[in-house]
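A.B. asks: Reproduced below are the annotations present in TrEMBL:
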TRANSMEM  12-31  transmembrane segment
TRANSMEM  123-144  transmembrane segment
BINDING   G217, S218, P219, G220, T221, G222, K223, T224  ATP binding site
BINDING   H439, H443, D516  Zn(2+) binding site
REGION    632-708  region 'Disordered'
COMPBIAS  644-653  compositional bias 'Low complexity'
COMPBIAS  677-708  compositional bias 'Basic and acidic residues'
Amino acid sequence: MKPKKENKNNYTGIVAIVLWALFITLIVNYMTSLYSSSTTREIKYNEFVSMVRSGQVDTVEIQDNMLLITPKQTETDTTETGTTDQKTEVLYTGIIENPDLLSLLDEYNVTYFSPVKQELSPIISFLVSWILPMLILFLLFNYLMRNMSGKMGGGIGGFGKSNAKVYVEKQTGVTFRDVAGQDEAKESLQEIIDFLHHPQKYTAIGAKLPRGALLVGSPGTGKTLLAKAVAGEANVPFFSISGSDFVEMFVGVGASRVRDLFQQAAKMAPAIIFIDEIDTIGKSRDSRFGGGNDEREQTLNQLLAELDGFDTSKGLIVLAATNRPEVLDKALLRPGRFDRRITVDRPNLAGRLATLQVHTRGINLAEDVDLTRIAQATAGAVGADLANLVNEAALRAVRLGRHAVNQEDLLVSFELVIAGSEKKGTVLTEQEKRIIAYHEVGHALVAAKQKHAQPVQKITIVPHTHGALGYTMQLPEEEKFLLSKDDILTEIRTLVAGRAAEMLVFSIKTSGAANDIERATDLTRKMITTYGMSDRFGMVALGNVQNQYLEGNSILNCAQETSAAIDKEVMEVISSCLEDSKLILQENRDMLDKIAEYLLQKETITGAEMMAILEGKDPALVEDAFKPVKRIGTRPKKSGTKGSSRPASPAPEADAEKPEEAPAAASAEEETPLEMDPEKDASNKEAGHEETEPGKNAGEKQPPESQD
């Protein structure tokens, strides 16, 4: 197969070169004749005779029906270098029967001649002059259209052709061994693959092959990777296409491409069709999600018809992926079309560890690498985040001239993804440094004095490229799946502690708390409207989240009066938490000053060094700078330079059906930039069942690093 393809490519290349050469030759010949070095002009016969007698004629070419006259150059036509400035003018006139013409030309020494005629037959002349150029243009046009067909689904005559990529056997190079942290999804898909390989054991008891499976999950969780792994495991033709490939500017093209795709797959059955981003063509046909687009509806209707029409006994299966299941048409989701809805969720601790092991498979790791610790630190991260983290660590090791990645590389890369790299060119005044130092220590100290806070990993006042002038990073002690009200209030007090420290020490308010305020407000509002933790409103759902897999905003479903009451309670809760934080800092003012002064000297300290100061020990004796300390929590928070701040990560939602018995010791993980949002970890609630959100530790009160 491969040599034939190469020969075909070589033949196509030769044809293209020949056609282009002929086309360019035609253009050059035409342009040459257009811009010839001579111009022609008709004159009267008596004028020609006068020119001969006056000595102005150089040569005369005698043809059948005309005389071509070349005048002599005059001195005014020649420049100082001996060249002519203008084009040579050729004159012509008709032939008149004049027996004295040749004698006249001889008398005035005019050169004359008549060319030997080499006549072509009229047919050949016609072919060369008209048919050959038209044939060349036709072949060139045909070649261009064929070349475009591969990129446009068939070119002019093939807009309705599907341009799905076809993978045969294991050409994707991906198997289930390359997919980690998605055991439930792999199990569901493995059963489909087994049905393709051994249909007899299922049909023996009357079981039917599922028509299709819908993969649902947040971006980066590995939906497309899972589909490619299915191709690698199934050893059957695999058709991969994006929903946007069905869309074209011509009406009816999308429906035609759907038909063509299923026809191709049916010919090669058993086969698997994978449609990525199916929400592009599968949006609900009502007005809420942009209904009314005739072309998209035609495409969707054709897809629905094809899903109903194919014979499952032939082994044809449709997989589709989306991160917006709520916008899909109900007719598309019903059993009989997509029989299975497979949630591809954010991995939990074990899943993250397995994912890290997959991505470090080809990386040289030093002996001190502890992937379990990295997995604990990256709660809420998806597979794409972890792959990026490992790659950044490898790049750092190369920059530093090492041949293996160590634990420090992984931790620094984790921070790089969260806060960016250090901004070495930013110069802060001494007063600004003091304010930022007290702000960050305020977060860490208030967290350290609370029972449900997370341990502090690091505090820094070095500006970073993601906009943070400083941040406090916390890492969890263990993974939690539920958040209690105390957990959330602890989180809010920690978030507002930076502003509390500014007010207590400097009696000012700065823009560095912008991100803290945003996150505290969001967490408080969720506590009241979503988690049912308000004494005033009780267990009433006052809002819902749209586009949960795309971190959609919460929408209130209540009257204006209720909305105003919610705003009032949000302000009361935050004000109460701010007063609590001020009180904690006032009671520990001496520790606040000591830790802040130590931070100003070193610019970056670890949680272990901070705990040493709180316990009255020498922080310089702390050995392991990367070893997390127990029970000191604060989230990295962003001190926005111009009052701007990164959006706060939403707090995880505790599953209403799970008892709130999470160990108090288990603290939530906080990471911001890696999208380690507890909410992102929420298990997708599918029809009929709810799960606590894996990887979304209840303690994972998302406020990752307090970056100020």
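Backbone N, Cα and C define each Cβ position, glycine as well.
TrEMBL entries are annotated by machine, without manual review.
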A.B. asks: Taking Cα atoms as reference points, rank the binding-site residues H439, H443, D516 by distance from T224 (ATP binding site) and give the first.
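C.D. replies: In terms of Cα distance, T224 (ATP binding site) lies closest to D516.
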A.B. asks: Quick check: with G217, S218, P219, G220, T221, G222, K223, T224 left out, which same-chain residues have Cβ atoms within 8 Å of the centroid of the ATP site Cβ atoms?
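C.D. replies: Close Cβ neighbours, site residues excluded: A321, N323, V344, V382, G383, A384.
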A.B. asks: Highest Cβ count within 10 Å among the binding-site residues K223, H439, H443: which residue is it?
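C.D. replies: Checking each of K223, H439, H443, the winner is H443.
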A.B. asks: Looking at the binding-site residues H439, H443, D516, which ones sit with their CA no more than 10 Å from the CA of T221 (ATP binding site)?
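C.D. replies: Within 10 Å Cα-Cα: none.
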A.B. asks: Out of H439, H443, D516, point to the one nearest G222 (ATP binding site) in space (Cα versus Cα); all of them are binding-site residues in the record.
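C.D. replies: Checked the binding-site residues H439, H443, D516; minimum Cα distance to G222 (ATP binding site) goes to D516.
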A.B. asks: Counting other Cβ atoms within 10 Å of each Cβ, which of the binding-site residues S218, T221, T224 scores lowest?
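C.D. replies: Sparsest of the binding-site residues S218, T221, T224 by Cβ contacts within 10 Å: T224.
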A.B. asks: Cα distance, D516 (Zn(2+) binding site) to G220 (ATP binding site), nearest Å?
C.D. replies: 27
A.B. asks: Between G217, P219, which of the binding-site residues has its C-beta surrounded by the fewest other C-beta atoms within 10 Å?
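C.D. replies: Counting other Cβ atoms within 10 Å of each of the binding-site residues G217, P219, the minimum falls on P219.
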A.B. asks: Reduced to three states, what secondary structure does DSSP give G222 (ATP binding site)?
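C.D. replies: Looking at the DSSP assignment, G222 (ATP binding site) belongs to neither helix nor strand, so coil.
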